[in-house]
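Each remark here refers to the structure printed beneath this line.
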Amino acid sequence: MVHYNFLSLIIFACFFAVFVLLVRAQDQSGFVSIDCGIPEDSSYNDETTDIKYVSDAAFVESGTIHSIDPEFQTSSLEKQFQNVRSFPEGNRNCYDVKPPQGKGFKYLIRTRFMYGNYDNLGKAPDFDLYLGFNIWDSVTIDNATTIVTKEIIHTLRSDHVHVCLVDKNRGTPFLSALEIRLLKSNTYETPYDSLILFKRWDLGGLGALPVRYKDDVFDRIWIPLRFPKYTIFNASLTIDSNNNEGFQPARFVMNTATSPEDLSQDIIFSWEPKDPTWKYFVYMHFAEVVELPSNETREFKVLLNEKEINMSSFSPRYLYTDTLFVQNPVSGPKLEFRLQQTPRSTLPPIINAIETYRVNEFLQSPTDQQDVDAIMRIKSKYGVKKSWLGDPCAPVKYPWKDINCSYVDNESPRIISVNLSSSGLTGEIDAAFSNLTLLHILDLSNNSLTGKIPDFLGNLHNLTELNLEGNKLSGAIPVKLLERSNKKLILLRIDGNPDLCVSASCQISDEKTKKNVYIIPLVASVVGVLGLVLAIALFLLYKKRHRRGGSGGVRAGPLDTTKRYYKYSEVVKVTNNFERVLGQGGFGKVYHGVLNDDQVAVKILSESSAQGYKEFRAEVELLLRVHHKNLTALIGYCHEGKKMALIYEFMANGTLGDYLSGEKSYVLSWEERLQISLDAAQGLEYLHNGCKPPIVQRDVKPANILINEKLQAKIADFGLSRSVALDGNNQDTTAVAGTIGYLDPEYHLTQKLSEKSDIYSFGVVLLEVVSGQPVIARSRTTAENIHITDRVDLMLSTGDIRGIVDPKLGERFDAGSAWKITEVAMACASSSSKNRPTMSHVVAELKESVSRARAGGGSGASSVTDPAMTNFDSGMFPQAR
């Protein structure tokens, strides 16, 4: 009886376990499945997976829907590929999906594409894919039947998933399907928010089709892969993968494994990344599918580029899944993972499945949340039809239509301009506009807005232009707004509002009723307040005079960078009649000054200057609109006839050129050199990517990189700077300007300016920073002048980084970062602009090198390789050796 009850209990437990697994396999509560291009409000359950797909109409506000060419609508084609939504209008079009679980969770996000000649043009497109405001990947379609899948694992920082398609003028972007799957929080744990799928293979898979849901509870797609001279093993019993660290690879995948036929061979997976700086995580899934006899052993080690990555050998467990993975991301020009048989093993290595992901580091900050909430409220209130989806200000090149933003350092972008003219707006001016506190320009003209002009518009202190023409506004103009207009602090346009009263009597009449109620207590209050104000004023006056009568020391604190105009007499006073010269350049002399107890640098235009007023004006106009911690701040300027001056923040430690030339006795350490280079690179990156249109500095050199008392570097001297076209097709063929040695040879030849001209110059500066040598030096053997790029190129062939690094550093430098920075510098200084990296890439490399130097990386010289020259991806291929 006891035996019978125990047997019944076992049977019940088995049935219950199977039931739980079936229920779990059917659970789609963490799924969002969208078929792009099917009619609005339609849905269906996929015949193969039973996943419910819905129309994309509720998740996107733009685009047109199409069916693919009937020629490609075969019975075997997944239903999601039979329709598409294309986006022929606008540079950026976004899907906005709100998963039920919201932010803080980890999701697998997948986009799928099949062209199918839906437009009958026979031209497969090429476009970019963004997740929110950061680039995810590029989508290249080879032909009508090519299926492209892009997958990313991402932890949400907001409640919304924004998937955006960006037009590159290489065909119309489109999308076939968008799928979002909730993952366990303990799955794919890394310090990074996003991992892009590189490869996911079912090794030794017996089927011809990929494995996915319901076999995989997370609906990962496993591609079967088999190799010649490899044995495939198939488990006779089911592999347990449910307790596998949360990964839970599909049981069908884990039931098969592959191993070399040659018992002495290893398994090798290797690939050469397109970019050697890309970082990868690799997850290898193992299960012994054959019960081994007692005299057989399967044991192996896992090596990366011939170095062990696990401290001990590994033996897969019979019918149980284990996952081995790297704790830290790996990178390099070539990555090779080897499963190496140990001496005591009688059997070769075995593997069931492998996943490889590339780290996607999101460098762009999202738009200020208050601004986002405000503009979304405005969109909802007025039903704005402008395809306002995704981040309003990011990416930098693709802000929302009719929105302009400011981009300062690493801070969140801010909305500074909103144009809603002729947008069919009705009702009153919404209070949400008051939360756009950095707004400079607001255009609400030619709508049907009613009611009064709200008082809060007068409190937007940054607002310099307000256009309310052509509406149905009524009542009086707010007093503050009228006062600001009278003081020419704001350009106020209100024509075309017949019921709007603009006379002074309106203001008096409007305020009279309010004031009469409070007039008696107000008079009594005013007397008391005036007395208090007078007392405070006298106290502050005393304090100010007392401070001035003290030591007279000059503060080293932060400056007030509010730009203002100064009279020439004030400039004379600031410089104490031009007492102390700090330096001299083509513009004129630079003098030391004191302004409001702060040190400043005052650049005076020489009347004999060859640069003159044009460069003066260019620098003033540029510095008035750009703000970044690595660009010198303009405090003010003077222009009285031929007398012109620029007042900057004071940079106590001179220029980078002073240190490299030996003019200063202090020798910059290796870490200080890297940090100064990073500072300068960040300043240039802001000019190139944070300004719209991009700005080219045109004269990047050590003398134009200033250093403050904290050894923080800032780019200076913008008199030669120019804006260039956003699309990169700049046709500026003005006279070539710059400094010999740093001047881009391609720009000098073609006279066509682009950001890559700055990158060339910065590469030369980097070589000077690394070597401590001048840009042009005379050869000891031929007595000819040799450029630093030629000298370094020659020394690279020796394979000894010590021959390149500044000898004043001795052995006090990190060889790994020295190699990296030298390679980056040489790539920047390539004679062809096409081979030069972007400043964003340079900044990323420098950040990594700074981190390495601070962590005390090894100082030994590495072998001579040039990862920057690796420009292909050979895929990831297993080999038996």
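Each position is counted from 1, following the chain as shown.
Every residue gets a Cβ built from N, Cα and C, even glycine.
In Swiss-Prot, the annotation N-linked glycosylation site falls on N419, out of N419, N653. Per Swiss-Prot, the N-linked glycosylation site annotation among the candidates N410, N462 falls on N462. Among N143, N630, the residue that Swiss-Prot annotates as N-linked glycosylation site is N143. With respect to their backbone Cα atoms, T739 (phosphothreonine) and N143 (N-linked glycosylation site) stand 48 Å from each other.
A count of other CB atoms within 10 A of each Cβ picks out N435 as the most crowded of the glycosylation sites N234, N435. If you look at the repeat 'LRR 1' (438-460), the same-chain residues 6 or more away from its ends with a CB under 8 A from one of its CBs are 371, 404, 406, 414-429, 431, 466-484, 493-494, 496, 500. Listed in sequence order, I415, I416, S417, I441, K692 are the same-chain residues at least 6 apart in sequence whose CB falls under 8 Å from the CB of N404 (N-linked glycosylation site).
The shortest Cα-Cα distance between N419 (N-linked glycosylation site) and any of the recorded positions N295, Y648, Y747 is the one to Y648. For the pair Y648 (phosphotyrosine) and D699 (active site, proton acceptor), the C-alpha distance works out to 18 angstrom. N143 (N-linked glycosylation site) sits 36 Å from N234 (N-linked glycosylation site), taking the Cα positions as reference.
All protein chains considered, the CB of N419 (N-linked glycosylation site) has 17 other CB atoms within 10 Å.
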